[in-house]
């Protein structure tokens, strides 16, 4: 594999270098973290995760890297052979900061979420032309998408209910510590990690979520071959899309609000490649929740006891440890969205 030397914008940034060895790839991750105080309670952080090399294996075992820079492989002109789909998680909501399960409940963006939407919109407006903007029909995603469309000169946002978050049934509106007591059957289904286990109260299984959202993205890919489009959706959907593109892989770290994730779809939408994962370089001013959507039992249960405040530079080691534990966990199924 060709070696690519990373480029950094600031010599003053503190770098943490990790060698993550797998059977197929040797990825190097670079982290830059610095903070600014927003208020007495919440601390936000500037975080840029830079990759040394964009890793793409065109097979079912393909892997990707988490990127915080506009690398040549992720951004630029689009070939007529594929559709470039920029998948963005919605901005922050109050329920995100409370650690409350949203699912299909229509929770709006909070002030920070609106700022995050404006930040990602400004960033995308400075990149190559966007042909269309798609969105989940839930407000937190749709308002984020509208902000992007306005900045990028796209006249309308196409809403698709198949891009919604996972329906969490009886768990919606609860935090997990409440759910374990109030809705024990639904709670057990949620934390089981079984892909075919639906959640009581009209909730979906992970397989049901996977089928509807991957089918939706595949249709978008077929329709927009040779174009760049934006899709605004949710944390659980993003994990399902990752599973489709890299069945033997697992997303690195948390899925952050308004993170940018780029997929290339070709061969009639059948062939998926992840080019960029988890880019939050545009959030240097707004910051993000350290308890962002994680999608596995460990990260979800941690919300029961930890205050979901902003990511702090003093926690940088813990973030690295979390990514390493996610890499080695090797779970066959993953718990669905708290998004």
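Note: Cβ is positioned from N, Cα and C throughout, glycine not excepted.
What TrEMBL says about a protein is an automatic prediction, not a curated fact.
Annotated in TrEMBL:
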BINDING   89, 90, 91, 92, 93, 94, 95, 96, 140  substrate binding site
ACT_SITE  90  active site, tele-phosphohistidine intermediate
ACT_SITE  165  active site, proton donor/acceptor
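Long-range Cβ proximity for residue 91 (substrate binding site), meaning a same-chain Cβ under 8 A and a gap of 6 or more residues, is found for 109, 112, 113, 114, 115, 116, 117, 120, 140, 143, 144, 257, 258. According to DSSP, residue 140 (substrate binding site) sits within a helical segment.
Across the residues the record lists as binding substrate (89, 90, 91, 92, 93, 94, 95, 96, 140), the two Cα atoms farthest apart are 15 Å from each other.
Under the DSSP three-state reduction, residue 95 (substrate binding site) is assigned to helix. When secondary structure is read from DSSP and collapsed to three states, residue 89 (substrate binding site) falls in the strand class. Sequence-distant neighbours of residue 93 (substrate binding site) (same chain, 6+ apart, CB under 8 A from its CB) are 102, 107, 108, 109, 110, 113, 140. A separation of roughly 10 Å, to the nearest angstrom, links the Cα atoms of the residue listed as 'active site, proton donor/acceptor' and residue 89 (substrate binding site). Neighbours of residue 89 (substrate binding site), defined as other CB atoms within 10 A of its CB across all chains, total 29.
Neighbour list (the residue listed as 'active site, tele-phosphohistidine intermediate', Cβ cut-off 8 Å, at least 6 residues apart, same chain): 109, 113, 117, 136, 138, 140, 141, 143, 144, 232, 233, 234, 257, 258, 339. In sequence order, 101, 102, 105, 107 constitute the residues six or more apart from residue 95 (substrate binding site) in its chain with CB-CB distances below 8 Å. Every protein chain shown contributes to the tally, and the Cβ of residue 165 (active site, proton donor/acceptor) ends up with 29 other Cβ atoms within 10 Å.
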